């Protein structure tokens, strides 16, 4: 049949199927493809589908031992990007059976593992994923979600306020705790470890945990409110990370924190499971995200990393500020903020949402506006993010 001769063959013979009707259980991906000169877009799109599923560069006899039609990724639609020359959006459908249940790690290994170094492509960006209910239901999702968090904190109808303790590196644990107390006593709901505060020589993690817990309880007693400090549990090994989370639980604090991209999705999912089992909230920082999402034509858009985090598990995630940036960015940011919080999000290309996403009652994640914001930004922030958000100053 076509496409099964010996030698190097065109991917589009097998993997470009414009007549394909997507299934409700398929994982759908939208890639922004920039082919090398002379490579037709159909071939580039099919190459992406092939390399991220069952394809290899030639036909091998073991292909006959399985059903390619059942397991292959399919490029089912290609459209040029308006206003860009030689850029196309390639839509790829992956059969559900290609992925291990409950593993964001495996999902990314399959979809973006190999294909980004591909010779036929000058650049490639994963713009969006549609996660079908059949797959999202194999994930626990956020440890608690927005509603449970508000119940735990007894704080309703407003954004939560936080700040990061500065200078982020160099304070002793005792002085760090002092700063935490002053901030919480002054009226903030949360204070935060900086993402690079782990366990350095000038402040070991256990000392910090103890002094922060003391600050927390003192501020709680004096204000009559529930307070939190995001204790950064990120560590060099997953076991050490869980050890720190256990310590936080034993101290009775409400929330811990993790750098999910540098720590990795496997570690993050383990921590999220621990947090749900033990009543800890989980604050997620996105350190390293710009390495992956900053280039417009290559990498992975943050909305995909945000969806992955909602599946892997986290109660808060940093999601940019919008303030003072371009207007277009505002709509795109609001698009993935909705993907984090809402249950059902309609396809809306103007906001960068390529697929309708149904989370089938998976708990939501609070977006955190953080980085370079101050009190003059408050009106804009409340208008943009609404009540269900964390405004993180400092």
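Glycine is no exception: its Cβ is also placed from the backbone N, Cα and C atoms.
Owing to the predicted nature of the structure, the values given are computational and were not obtained by experimental measurement.
What Swiss-Prot records for the substrate site is 114, 164, 168, 286, 370, and among 77, 229, 318 the residue it adds there is 318. With 114, 164, 168, 286, 318, 370 listed as the residues that bind substrate, the site has a largest C-alpha separation of 37 Å. Listed recorded positions: 166, 286, 318. The one with the lowest count of other Cβ atoms within 10 Å of its Cβ is 166. When the Cα atoms are compared, residue 192 (Mg(2+) binding site) and residue 114 (substrate binding site) turn out to be 36 Å apart. Note on proximity: of the recorded positions 166, 195, 285, the one nearest residue 318 (substrate binding site) is 285, by Cα distance.
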